[in-house]
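To start, the structure under review is shown below, and the notes come after it.
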Amino acid sequence: MSSKRVTWLSLTWVLVFLCLSVELEAQLQVGFYRTSCGLAEFIVKDEVRKGFIRDSGVAPGLVRMHFHDCFVRGCDGSVLIDSTPSNTAEKDSPANNPSLRGFEVIDSAKARLEAVCKGVVSCADIVAFAARDSVEITGGLGYDVPAGRRDGRISLASEASTNLPPPTFTVDQLTQFFSNKGLTQDEMVTLSGAHTIGRSHCSSFSNRLYNFNGTSGQDPTLDPQYAASLKTQCPQGSTNTNLVVPMNPSSPSITDVGYYVDVLRNRGLFTSDQTLLTDTTTATQVRQNAGNPFLWKNKFASAMVKMGQLGVLIGEAGQIRANCRVINS
C-alpha cells in the first residue's frame, strides 16, 4: 500500500472520528445537569411523589403528557404552553383537552428549580424526568433520562390534531404513524402498554358501544360482559362530558402487563388497543408481553428513552422558559 493511500485513509478516519465526536457532543446526555443543577432530577421526582400522593392519576397523566409532547414538534415542552387570545395552543386541542393532566406538577417543579438554578433546567426535560418518575412510582422500571432538551417557542392546537393517533386507528395506521416518528412496530406495541394505567373519557370509545362503524350496535370484538360494564358507566345519550373509566380496571394505578392481558381477553378499551390482535406480528408481541412482565418493563423503559429523543432542540436552539406556560419575551 502506497504512503499516499495510507495518508488518505488516515485522514478519512480522522474526519469520521471528528464527525462522530461532534454528533455525540450534540446529543442529549445522562447527567446533563450534574454540575449546573445537581438537584434537578431529585426536585422533579419529589414533586411527582407529592402529586401522586394527592392524586394517583397524576402519574399516568404525566406519562401521557410526555408522549403528547414528543409526538408534536418533538420533545420541546410545547404541550405546556398556554393559549393566548391570538393562538390556541396544543393543550387546548380536542386531543388534549380536557384529558391531559399533571400540569400543576410541572409548574411546581419548575418553580423550585428556578429558585435554586435560575434559567438552567428546561421545561422539556422536566416533562421527560416526570414521565420516568411516574413510571417508576407506579411499579415500572426506572431508567436514565438523557437530558439537554431546549424549549420550543411554538404551540399550535392544529398540530396536535394531526400528530397524535386517535383511538380509532387500525394496526396498519398505528404502525405507519409510529414509523413516521422513527419508532418500530414493536416499539408501538410496547408503548401502547402505557394504557395499563390511567383513564379515558367515555367519548373516546363510545362509538364501540353504541354506534360501531355507523351501525346501532356495539363492536363485535368487544367482550360482551366488559361492554355491559362500560355501558353502565357511560350511558347512551349522556351529556356529562366528565364521565371517565379506568383503562385497565383490575390495576389502574400499577404499571404492569394487565393491558396486554385485557387485550387478549377482548377487553382493550380503544379500537387502537384491540386492533393489535388483528395482525399476526403484533398479536404475537401482545402475547409475549402479557407472559413476560419483566421483559416488557425493560422494553418499555428503552422505548420511552428513544421516544424522549424525538425532534429535540439542543445547543442554542429554542430557549429555557422561565415559566413553562409562557414563551420568554
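Every residue, even glycine, has its Cβ placed from backbone N, Cα and C.
Marked as active site, proton acceptor by Swiss-Prot on the basis of sequence analysis: HIS68. Around the Cβ of HIS68 (active site, proton acceptor), 22 further Cβ atoms fall within 10 Å across all displayed protein chains.
Annotated Ca(2+) 2 binding site per Swiss-Prot: THR196, SER251, ASP256, in sequence order, evidence recorded as sequence analysis. In the three-state DSSP reading, ASP256 (Ca(2+) 2 binding site) counts as coil.
Its Cβ taken as reference, CYS117 (disulfide bond) is surrounded by 16 other Cβ atoms within 10 Å in the chains shown. What Swiss-Prot lists as disulfide bond is CYS37-CYS117 (among others).
Taking all protein chains in view, 28 other C-beta atoms sit within 10 angstroms of the C-beta of CYS70 (disulfide bond). The annotation disulfide bond is assigned in Swiss-Prot to CYS70-CYS75 (among others).
Annotation note: CYS123 (disulfide bond) sits in a helical segment as assigned by DSSP. As annotated by Swiss-Prot, disulfide bond applies to CYS123-CYS324 (among others), with the evidence given as sequence analysis.
Taking the Cβ of CYS202 (disulfide bond) as reference, residues of its chain lying under 8 Å away and at least six apart in sequence are, in sequence order, GLN233, CYS234, SER238, LEU243, VAL244, VAL245. Positions annotated as disulfide bond by Swiss-Prot: CYS202-CYS234 (among others).
Annotation comment: Swiss-Prot describes ASN213 as N-linked glycosylation site. According to DSSP, ASN213 (N-linked glycosylation site) sits within a helical segment.
According to its DSSP assignment, GLN27 (pyrrolidone carboxylic acid) is coil. Look at Swiss-Prot and you will find GLN27 tagged as pyrrolidone carboxylic acid, backed by sequence analysis.
According to Swiss-Prot, the site 'Transition state stabilizer' annotation covers ARG64, on the basis of sequence analysis. According to DSSP, ARG64 (site 'Transition state stabilizer') is assigned to a helical segment.
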Checklist entry - Given the recorded positions GLN27, CYS37, SER251, which one has the fewest other C-beta atoms within 10 angstroms of its C-beta? => result GLN27
Checklist entry - Applying the rule Cβ within 8 Å of the centroid of the Cβ atoms of THR196, SER251, ASP256, what extra residues of the same chain belong around the Ca(2+) 2 site? => result GLY139, ILE197, ASN248, SER250, PRO252, ILE254, THR255, VAL257, GLY258, TYR259
Next on the checklist: I'd like to know which of these recorded positions, ARG64, CYS123, THR196, ASN213, CYS234, is least surrounded, judged by other CB atoms within 10 A.
Outcome noted: ASN213
Item to check | Neighbourhood of CYS324 (disulfide bond) by C-beta distance under 8 A, where only residues 6 or more apart in the same chain count | outcome: GLY77, LEU80, ILE81, ILE106, ASP107, LYS110, CYS123, ILE126, ASP151
